[in-house]
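Listed in TrEMBL:
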REGION    332-375  region 'Disordered'
TRANSMEM  17-38  transmembrane segment
TRANSMEM  58-77  transmembrane segment
TRANSMEM  89-105  transmembrane segment
TRANSMEM  149-171  transmembrane segment
TRANSMEM  183-211  transmembrane segment
TRANSMEM  275-296  transmembrane segment
Amino acid sequence: MPRAVDAAPRTSAPVKWWAALGAVYLVFMVAVLTNWVLGPLFKTVPVGPTPVPTFMKVAVVFFEVISIPAILACFYFMVVKPLRRDGKLSVDGALTIAFATVWFQDPLSAYSGTWFTYNAWALNYGSWVNSVPFATGKAAPGAMLVEPILIVPGAYVYCFVVAMFAGSWVMRTARKRWPSLSAVNLGVICVIAMFAFDIVLEGVMFMPLGIWEYPGGHFNIFPNTYHKFPLTEMLTAGSAFASVAILRFFKNDRGETLADRGLESLKVSDRRKSLLRALAMIGFVNMLFFGLYNVANTWTATRMADWPADLQKRSYLTNGLCGEGTDQMCPGPAVPQYRNDNQDPNGGSAHLGPNGNLVVPPNTTLPSMVPFDRG
């Protein structure tokens, strides 16, 4: 069993602060998604001229079909069933609810530049990344980062649920084998295990099947292929997976995690405690994902590696962002970073075209050189 941490008396329960953060996050999420759905970017990104391999079509349909039943099953067994039995929301149930909100963050590491892509053959309406204020990644109606709307929300739930249980099992097994291990050492073991988990999940399963790719990533396994797997993704995604397993594993003597610490001392109803626990977990888990994944990968988005030719030749994986049929050279160290104008599709920064020529958008005015003042 996980080692309990003594619950110290507190003047202000941390659960309230995390719940407030969770509420703010939900308001922001709804505002951005509403702006996206009602705005011009809510438009399908086409596949393009490249034929999509049959095995990719089968994979896309498979994950589109199973994702909704999978998320419903997770909610039934992790949220509904324990809630009916105990009359209050469990830690696992609150974590599952939180995972169902993390998918909103999925495109946010492309805030300043698109370093990953999805298969446009999946049902999509573009994505909401450029509906976030001040986003500068390249985007136009029908030509932007794709978010497969029937795959991604469910995948975030069932992948994180599996990671949560797998990481907890690894730490429980390690503690049983080596009882003297410290919490830090257990956490390190969990992180390493989640690195391996992510390589299998993404590098071996999802990416070769063409569901999503990381063309701009660094330090790659399977280099020069459309499904090159950057080890930076292993570090960031693996750390995010490990963080929720560690959060779940280490509880105090009242069964509280760091997110819902102080909940049991509150003189409120079980229903209100359940609401606070859910909001607190939403705030805490999204904070973890934002810090461990999106902040780190925003660095990748501003320093992209060359996109592999094996991906550039597949129009269904370029999302109309660059290459043939566009006015944009695909990203790489030698290509200047593009800055989008989200208010004007005919604006944006000057950039290199697919053949290396300078492209100045119609509504963009380049600044004139200012000579030195020579007195």
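Glycine is no exception: its Cβ is also placed from the backbone N, Cα and C atoms.
Because the structure is a prediction, the values reported are computed rather than measured.
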Tertiary contacts of the transmembrane segment (17-38) (same chain, 6+ residues out, Cβ under 8 Å): 98, 101, 104, 126-128, 131-132, 259-260, 275-276, 278-284, 286-287
Composition by DSSP (helix, strand, coil) of residues within the region 'Disordered' (332-375): 0 helix, 4 strand, 40 coil
